[in-house]
Amino acid sequence: MAKIYTDKDASLEPLRGKTIAVIGYGIQGRAQALNLRDSGLKVIVGLRKGGNSWNVAASEGFEVYEVGEAVSRADVVMVLIPDMEQPKVWQSQIAPHLREGAVVDFAHGFNIHYGLIKPPKNVDVVMVAPKAPGRAVREEFLAGRGVPALVAVHQNYSGSALKYALAIAKGIGATRAGVIETTFAEETETDLIGEQTVLVGGLMELIKRGFEVLVEMGYQPEVAYFEVLNEAKLIMDLIWQRGIYGMLNGVSDTAKYGGLTVGPKIIDEEVKSKMKAAALRVKSGEFAKEWVEEYARGSPNLKRLMESVKEHPIEKVGAEMRKLLFG
């Protein structure tokens with residue numbers, strides 16, 4: 001059974017009087033920095049000199065330093081730059097300036113789990129991973145709520161690493177919603193598997209294939225778009241709010257019967273076995289190796305694949321339909 005922490009299980013006291021350096025001021029970095037400051041904690045920001053985010057962070061009242069300087073001033077270092085940029089920045093600007101006993105926080109376990117970043121033994125290494133985009137992290141905090149998060153400890157030098165992680169989670173508002181204790185391995189692997197087989201890869205391909213079938217059968221592309229893509233949000237909202245069974249009780253009996261009898265024939269045991277094979281590639285590290293090598297080459301395959309999606313007929317029809325819907 002998962003261990004879930006809420007506001008009553010966490011305290012901001014471990015962070016009182018300490019300096020927190022947020023490295024990166026993108027959507028997630030900005031949200032977490034603002035939330036922590038609004039929680040009464042001292043936050044500075046570490047950025048590349050001359051980057052676009054420097055002036056933004058400064059205009060919002062933060063002391064901004066180059067990354068190495070921010071790290072040298074910090075008791076807590078939150079690494080909130082993109083995954084694939086982290087190893088280089090870590091090696092050149094973070095690791096040389098870390099204080100003994102510092103707390104290093106990540107929002108995703110990829111680089112630690114796959115050994116691309118290897119922290120020294122004399123620091124705590126934790127993860128607080130909000131399960132929502134940065135915009136929601138900020139908006140929910142301002143509304144007096146929070147988004148759920150995962151929390152993990154990779155290295156417990158101080159003996160209090162979990163307390164620090166929970167304090168960070170409380171500071172960004174996550175304990176208001178609930179924080180699940182996990183491991184770097186579990187967070188990383190489930191995140192990648194979920195993205196590839198369901199949330200990004202699986203859902204995207206299911207929608208594209210459904211659109212292709214309807215158009216190839218002679219139905220109007222505009223009608224096909226609404227049926228397989230636009231209405232997907234309505235169904236996902238129901239699932240998010242009520243669960244799968246609750247969603248079924250929110251649609252017609254015809255939709256229920258058709259979905260329950262035909263769905264398993266489409267997403268069958270063969271599909272499940274392919275999903276498991278993809279999951280095993282993640283677990284073995286094969287996917288991470290492939291992606292790191294692809295990124296090092298300048299991501300040519302990713303760029304080609306992105307272009308193919310951009311040119312898919314559903315995108316051309318969708319652009320017109322979204323103009324009708326959203327102006």
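Every residue gets a Cβ built from N, Cα and C, even glycine.
Per Swiss-Prot, these features apply:
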- 2-182: domain 'KARI N-terminal Rossmann' (DOMAIN)
- Tyr25, Gly26, Ile27, Gln28, Arg48, Ser53, Asp83, Met84, Glu85, Gln86, Gly134: NADP(+) binding site (BINDING)
- His108: active site (ACT_SITE)
- 183-327: domain 'KARI C-terminal knotted' (DOMAIN)
- Asp191, Glu195: Mg(2+) 1 binding site (BINDING)
- Asp191, Glu227, Glu231: Mg(2+) 2 binding site (BINDING)
- Ser252: substrate binding site (BINDING)
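Known features from Swiss-Prot, placed on the structure.
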| residue | record | DSSP class |
| --- | --- | --- |
| Tyr25 | NADP(+) binding site | coil |
| Arg48 | NADP(+) binding site | coil |
| Asp83 | NADP(+) binding site | helix |
| His108 | active site | coil |
| Gly134 | NADP(+) binding site | helix |
| Glu195 | Mg(2+) 1 binding site | helix |
| Glu227 | Mg(2+) 2 binding site | helix |
| Ser252 | substrate binding site | coil |
Under 8 Å Cβ to Cβ from Tyr25 (NADP(+) binding site), same chain, six or more residues apart: give me those in sequence order, or none if nothing qualifies.
Ala33, Val45, Leu47, Ser53, Trp54, Val56, Ala57
Going by C-alpha distance, which of the recorded positions His108, Asp191, Glu195, Glu227, Ser252 is nearest to Arg48 (NADP(+) binding site)?
His108
Hey, how far is Ile27 (NADP(+) binding site) from the residue listed as 'active site', Cα to Cα, in Å?
15
Relative to the Cα of Glu227 (Mg(2+) 2 binding site), which of the recorded positions Glu85, His108, Gly134, Glu195 has the closest Cα?
Glu195
Fill in the CA-CA distance, Glu85 (NADP(+) binding site) to Glu195 (Mg(2+) 1 binding site), as an integer in Å.
20
The record lists Tyr25, Gly26, Ile27, Gln28, Arg48, Ser53, Asp83, Met84, Glu85, Gln86, Gly134 as binding NADP(+). What's the largest Cα to Cα distance among them, in Å, rounded to a whole number?
20
List only the single closest residue to Asp191 (Mg(2+) 1 binding site), chosen from the recorded positions Asp83, His108, Gly134, Glu231 by CA-CA distance.
His108
Within 10 Å of the Cβ of Gly134 (NADP(+) binding site), how many other Cβ atoms can you find? Include all protein chains, please.
20
What same-chain residues, at least 6 away in sequence, bring their CB to under 8 Å of the CB of Glu195 (Mg(2+) 1 binding site)?
Gly201
Near Ser252 (substrate binding site), which residues of its chain come within a Cβ-Cβ distance under 8 Å, counting only those 6 or more away in sequence?
none
Find the average pLDDT over the domain 'KARI N-terminal Rossmann' (2-182) in the predicted model and report it.
97
